[in-house]
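Engineer: The following block contains the structure, expressed as structure tokens.
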Amino acid sequence: MAEFPALNGQSVSYAVLEYPAGSVNPPHTHPRAAELLFLTYGILEVVFVDTTNKLFTQRLQAGDIFVFPKGLVHYQFNCAESDFAVAVSAFGSAAAGTVSVPSTVFATNIDDEILAKSLKTDVQTIQKLKAGFAPKA
């Protein structure tokens, strides 16, 4: 709304997303809205996981549209080796929210032992993963 005040009170929002070659928008959810992604340039692999843990994958080309259902984990990957991609995402809420799965799990104070047990690994592995999300000095 700060960039486009006419959206205020309309229960919609949008974002322009730029993906450098080989980049990923990490797994995340939008708890308050579905997302309609329109690819304007490049190629993009889009993926979401449904409530039965089924993975849905689609490779988009410029002009394609994809819908991520509200609240489901999803991500985008620019599978091009040397070209960027650009997309416009529209949300059915002025405040769709974004919950990043990696940051939520590894950049918070969830106990290492709990994470190790939950992810069926050891505490040392969890600590290495958390170190990658530690704030840069």
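Heads up, the Cβ atoms here are built off N, Cα and C, so glycines get one too.
On a predicted model such as this, the values are computed, not experimentally measured, just so you know.
In case it's useful when we look at the structure, here is the feature table from TrEMBL:
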- 2-127: domain 'Cupin type-1' (DOMAIN)
- N25, H30, E35: oxalate binding site (BINDING)
- H28, H30, E35, H74: Mn(2+) binding site (BINDING)
Engineer: Cβ within 8 Å of the Mn(2+) site's Cβ centroid: which residues qualify beyond H28, H30, E35, H74?
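Structural biologist: Along the chain, the qualifying residues are T29, F48, F68, L72, V73, A96, T98.
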Engineer: Quick one: which residues besides N25, H30, E35 have a Cβ within 8 Å of the oxalate site's Cβ centroid, in sequence order?
Structural biologist: H28, T29, L37, F68, H74, Q76, S89, F91, A96, T98
Engineer: Counting across all protein chains present, how many other Cβ atoms fall within 10 Å of the Cβ of H28 (Mn(2+) binding site)?
Structural biologist: 19
Engineer: Give me the long-range Cβ neighbours of H74 (Mn(2+) binding site): same chain, 6+ apart, Cβ under 8 Å, in sequence order.
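Structural biologist: When sequence neighbours closer than 6 are ignored, H74 (Mn(2+) binding site) has P27, H28, T29, E35, V46, V47, F48, V49, F68 within Cβ distance under 8 Å.
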Engineer: Restricting to the domain 'Cupin type-1' (2-127), report the mean pLDDT as a whole number.
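Structural biologist: Looking only at the domain 'Cupin type-1' (2-127), pLDDT averages out to 93.
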Engineer: Would you mind checking how many other C-beta atoms are within 10 angstroms of the C-beta on N25 (oxalate binding site)?
Structural biologist: 18
Engineer: Could you give me three numbers for the domain 'Cupin type-1' (2-127), the DSSP helix, strand and coil residue counts?
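Structural biologist: So the counts come to 21 helix, 51 strand, 54 coil.
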Engineer: Within 10 Å of the Cβ of H30 (oxalate binding site), how many other Cβ atoms are there?
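Structural biologist: There are 22 such Cβ atoms around H30 (oxalate binding site).
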Engineer: CB neighbours of E35 (oxalate binding site) within 10 A?
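Structural biologist: Counting Cβ neighbours of E35 (oxalate binding site) within 10 Å gives 25.
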